[in-house]
Amino acid sequence: MSRPAHKTDTIVAVDVLVTSPGRNFVALKITTEQGLVGWGDATLNGRELAVASYLRDHVAPLLIGRDPARIEDTWQYLYRGAYWRRGPVTMTSIGAVDLALWDIKGKATGQPVYQLLGGAVRDRILTYTHASGWEIPQLLDAVDERREQGFLAVRAQSGIPGLATVYGVSSGEAGYEPADRGAAPAVEVWDTDSYLRHAPRVLAAVREHVGPELKLLHDAHHRLTPGQAARLGRALEEVDLYWLEDVTPAENQEVLRHIRHHTTVPLAIGEVFNTVWECQTLITEQLIDFVRTCVTHAGGISHLRRIAALAEVWQVRLGPHGPSDVSPVALAASLHVGLATPNFAIQEYMGYEPVVHEVFRHAWSYADGHLHPGDQPGLGVEVDEALAARFPYEPAYLPIARRRDGSMTDW
């Protein structure tokens with residue numbers, strides 16, 4: 001005879017907040033009968049309302065009456081119970097619930113989440129930020145500015161001659177923000193040949209300028225063929241990159257075997273992956289050095305830990321996606337995982353506009369090139385709901401890319 005379930009608390013309310021303090025975020029609030037509140041992040045850049053609807057219409061009704069302490073059972077319930085599972089909308093929704101439940105468990109026990117994950121294995125988490133410039137001198141100035149801010153690792157992106165817009169390069173004084181507000185996505189023109197001619201010169205100039213100590217990263221953003229990726233990797237080996245990111249479209253994983261045979265440059269991929277199964281071949285065949293899965297988009301803390309555990313066996317490290325297109329709740333969750341995970345290598349961090357820090361009050365902090373989640377119970381982030389309500393959702397889309405002949409290509 002099975003033992004009756006012992007329930008110490010009950011979920012009584014689930015609310016979805018969509019707010020746009022400078023850019024769109026989706027937050028999930030779970031409230032228990034004992035008055036505990038847990039926060040999760042459900043932001044999916046350019047598709048925020050799809051996740052908000054999935055949560056409100058298909059997930060929230062299922063959570064009422066459940067025991068918030070049963071985190072893994074709830075994860076399995078939402079994942080296996082959705083026959084049409086996987087995909088960014090489903091996994092981001094599950095991730096938001098998972099984060100909120102870990103937040104509640106931390107508050108219920110008076111512990112920061114990283115303590116519930118086994119405790120800290122490091123004192124702080126190395127982070128990298130972004131630097132860009134249309135010309136090499138501008139890029140070098142931007143890299144110097146990041147170094148003055150204490151960063152020990154920088155992703156460098158530059159303009160390309162003949163192209164009016166380039167992924168990762170700011171168009172003005174403000175930081176880079178790819179999502180444009182409006183009724184339709186912006187169209188950018190892309191030329192791979194120009195990029196392949198220009199990128200090695202740019203990154204070599206950055207390395208010569210900064211010397212050997214700075215960790216230097218670069219993102220090709222899924223735009224290359226296998227042959228082009230291998231060629232670029234070979235050209236960048238003397239630059240000593242920390243990693244070369246997303247060289248080919250993520251759907252075509254088999255091509256990483258070809259690329260791996262032709263270059264020793266460290267490879268990173270995974271920000272668009274949603275489950276451990278998408279990472280499995282790349283990890284177990286050691287076709288990558290870093291997996292970049294995001295805690296929000298990959299089913300939350302519970303599932304990111306599964307990815308980390310598989311990766312650790314095969315000596316693959318984590319470097320999760322975490323720019324400003326996920327909220328401070330997501331960054332906090334990633335930091336708690338990072339502090340407690342042996343093969344966690346580095347965390348992406350671009351910072352936020354000041355108003356975002358006001359809406360999402362957080363315990364995590366940055367100093368000297370590193371982040372720490374703080375020691376408040378739970379995730380250490382609270383949302384000012386009244387302030388969030390002052391920033392209603394504004395439609396925004398990530399750009400699309402076309403070649404010079406007008407045909408579509410990967411952005």
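The backbone N, Cα and C atoms fix where each Cβ goes, glycine too.
Taken straight from Swiss-Prot:
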- Tyr167: active site, proton donor/acceptor (ACT_SITE)
- His221: active site, proton donor/acceptor (ACT_SITE)
- Asn45, His130, Glu271, Arg292, His321, Asp325, Glu348: substrate binding site (BINDING)
- Asp219, Glu245, Glu271: Mg(2+) binding site (BINDING)
- Pro323: site 'Important for activity and substrate specificity' (SITE)
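Structural mapping of features recorded in Swiss-Prot.
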residue	record	contacts (Cβ under 8 Å, 6+ apart)
Asn45	substrate binding site	Asn24, Pro178, Ala179, Asp325, Leu398
Tyr167	active site, proton donor/acceptor	Gln157, Pro178, Glu188, Asp219, His221, Trp411
Glu245	Mg(2+) binding site	Arg155, Leu217, His218, Asp219, Ala220, His221, Leu267, Ala268, Ile269, Arg292
Glu271	substrate binding site	Asp246, Arg292, Thr293, Cys294, His297, His321
Glu348	substrate binding site	Thr127, Tyr128, Thr129, Arg155, Arg292, Gly319, Pro320, His321, Gly322, Pro323
Helix, strand or coil at Pro323 (site 'Important for activity and substrate specificity') [DSSP, three-state]: coil
Least Cβ-packed of the recorded positions His221, His321 (other Cβ atoms within 10 Å) is His221
How would DSSP class Asn45 (substrate binding site) in three states? coil
DSSP, reduced to three states, assigns Arg292 (substrate binding site) to coil
Taking all protein chains shown into account, the Cβ-based neighbour count within 10 Å for Asp219 (Mg(2+) binding site) is 20
Where does Glu348 (substrate binding site) sit in the DSSP three-state scheme? strand
For the substrate site (Asn45, His130, Glu271, Arg292, His321, Asp325, Glu348), what does the 8 A shell look like? I mean other same-chain residues with CB within 8 A of the CB centroid. Cys294, Gly322, Pro323, Val326
Largest CA-to-CA spread of substrate binders Asn45, His130, Glu271, Arg292, His321, Asp325, Glu348, angstrom: 18
Identify all same-chain residues not among Asp219, Glu245, Glu271 whose C-beta atom falls within 8 angstroms of the centroid of the Mg(2+) site's C-beta atoms; report them in sequence order. Ala220, His221, Asp246, Ala268, Ile269, Arg292, His321
